[in-house]
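Working notes, beginning with the structure itself.
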């Protein structure tokens, strides 16, 4: 049955949308989604376990990878209860406070992942363009400072617009567009003055996601310029191979965001299923793919996982 407004739903309760028109298929849809969430949790926990237990991986590149895996793990945990709650038929209702909290973590973790990817680009830039000073530049204390700065930028800057959501008057039908709560979705239902939130969100996206992507691009232009000055072809390939995993992670993160933005901006005529599908790809694709990318493309992690499973067998 499709999601319909319910007169019994209070002003502080919202209805989450699953996959419109596919309600009868929820038992079957729950199987792949449960598997995806299991892979997200297990894959990122495995990467964190390997980095923690392998002394040879205690270096800046893998510390940043641990930050990325922890961010992806938290992203999965922040949405698993609402997505699977709908598909398993448990509940599609969410209170305003719980919705605001989920919004805060989803957007905060997205900004965190962007910041971590930028830090990883800086790590590769330093390792390739300034290898003799690599360890002196990226000391443990500096890595901790970078991590704290990323968290501060991600969660402090979004506090003001998220807190304002609590005081808005929501006069439109309390039906959200996804299986989880997003800032722009709550704004769509509000009848209060939302200009501050709209302009602030746009400025925040420009100053974080857009600026991060530009800086990542600049770092790789510098890396490419530095690599091309290396005389040996084998050395050039070896240097570029260390960047392959990070480039894949950047594409896996930014392509779904661009796709979701394009669908929301130009795809109003598309089926609601397309919007919901793009929303779930935006939330689940990076946490699912990053452990796979780094397990396959990073020789140190791949060999450690292979040795670990061989020992178990």
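Glycine too: its Cβ is placed from the backbone N, Cα and C atoms.
Taken verbatim from TrEMBL:
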TRANSMEM  28-50  transmembrane segment
DOMAIN    43-294  domain 'G-protein coupled receptors family 1 profile'
TRANSMEM  62-84  transmembrane segment
TRANSMEM  104-122  transmembrane segment
TRANSMEM  143-163  transmembrane segment
TRANSMEM  199-223  transmembrane segment
TRANSMEM  244-267  transmembrane segment
TRANSMEM  273-294  transmembrane segment
* When you scan the chain for residues with a C-beta under 8 Å from the transmembrane segment (62-84), skipping those not six or more beyond its ends, what do you find? -> 16, 30, 33-34, 37, 40-41, 44-45, 47-48, 51-52, 90, 94, 102, 105-106, 109-110, 112-113, 116-117, 119-120, 123, 143, 147, 150, 179-181, 249, 280, 283-284, 286-287, 290-291, 294, 298, 300-301
* Go through 28-50, 104-122, 244-267 and flag the stretch with the largest number of C-beta pairs under 8 Å relative to the transmembrane segment (273-294). => 244-267
* **the transmembrane segment (104-122) in contact with the transmembrane segment (28-50), cutoff 8 A, at least 3 CB pairs, sep 6+** => no
* Do the transmembrane segment (143-163) and the transmembrane segment (28-50) come together with 3 or more C-beta pairs under 8 Å, pairs six or more apart in sequence? -> no
* Remote residues contacting the transmembrane segment (28-50) - C-beta distance under 8 A, at least 6 residues beyond either end -> 19, 22, 57, 65-66, 69-70, 72-73, 76-77, 80, 83-84, 87-88, 284, 287-288, 290-292, 294-295, 301, 304-305, 308
* **Mean predicted confidence [pLDDT] for the domain 'G-protein coupled receptors family 1 profile' (43-294)** => 91
